[in-house]
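Comments concern the structure below.
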Amino acid sequence: MRKIIHIDMDCYFAAVEMRDFPEYRGKPLAVGGSSDRRGVISTCSYEARKFGVRSAMATAYAFKLCPDLILVPGRMQVYKDVSLQIREIFSRYTQLVEPLSLDEAYLDVSECQQYKGSATLIAQAIRRDILAETGLTASAGIAPVKFLAKVASDLNKPNGQYVITPETLPEFVKTLSLRKIPGVGKVTAEKLSSLGLNTCGDVQAYSKPELLARFGKFGGVLIERSQGIDERGISADRERKSVGVETTLAKDIYSLEQCQQVMPGLIQELALRLSRSAKERKIHKQVVKLKFNDFKQTTIEHRSDEVSIVMFYDLLAQAMARQEGRGIRLLGISVGLADSILAVSEIPNAQTQLDLAL
């Protein structure tokens, strides 16, 4: 049986700010963009969360919930540097580390001999090292499988940990909400609920052939996860799946022509990001995303192994057909990256294609 730890830093960006600027401690603090420029909250302190402030919330709305909110701009390089410190700590215990973002990661400690191989004690040691060396707290989840380790890391926050053992796993998953399963979003959850399926226990008792008939391949995944089965390993060499860029607009715009004026800057920035992080990766799709002023969003994608600037504009026009009179507050473009890395001589890479097009 594997021993998986999910480490999740507590309100990471905000915690770094409170560490470096003690005057923010104990106060409602948020890191994000300004309210007069359509900014959003990246993360916030637990004091701010008591007022209902949350990540990805519009900054203007956050101030309505918490008028005394302290808003600071992000210092991304600082957060990256601290994240590297944390990853160095991980490497003392295992090389099987799968970073999910700057502030969370999966670790497989199945072969770790420290602390007599106890994943519980290893997680405690990692959290202790992080606190001693960075001044920041982390929470941890320990389980035999990945998705349950992630669920567990959220159960004793902040600065705590929760263990799901092979013995307690069957009872734990029975009462687990299906919303906790990766891939079950709001729409899928509503479909499942209409069938009387709200917990993993409900799925366990439901007809498997009917689930497969209704949900196809995902039905099979749902059946496995509801039994606590997750065979996915730790991707220590995990490659990014996409590169994108988006902009939140200072004011809502309403016409296709206005959106088209935003595109050249996005395309240039995308080319720059590709040159930095995916120089020789082959693409497999292009995507355009719009977020409307009612905070709903739509995405249009086109599968292709070549970047086409014209296609980005075509996808934009298709997305605008879903506007229904709403204002546009965010516009983004991205490319999906294929798993294989081919030599430049075999196929023009995405960044080169964009340079040629520009």
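Placed from the backbone N, Cα and C atoms, the Cβ positions cover glycine too.
According to Swiss-Prot, the protein carries these features:
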{"type": "DOMAIN", "residues": "4-185", "note": "domain 'UmuC'"}
{"type": "BINDING", "residues": "Asp8, Asp103", "note": "Mg(2+) binding site"}
{"type": "SITE", "residues": "Phe13", "note": "site 'Substrate discrimination'"}
{"type": "ACT_SITE", "residues": "Glu104", "note": "active site"}
Which one of these recorded positions has the most other Cβ atoms within 10 Å of its own Cβ: Asp103, Glu104?
Asp103
According to DSSP, does Phe13 (site 'Substrate discrimination') sit in a helix, a strand, or coil?
helix
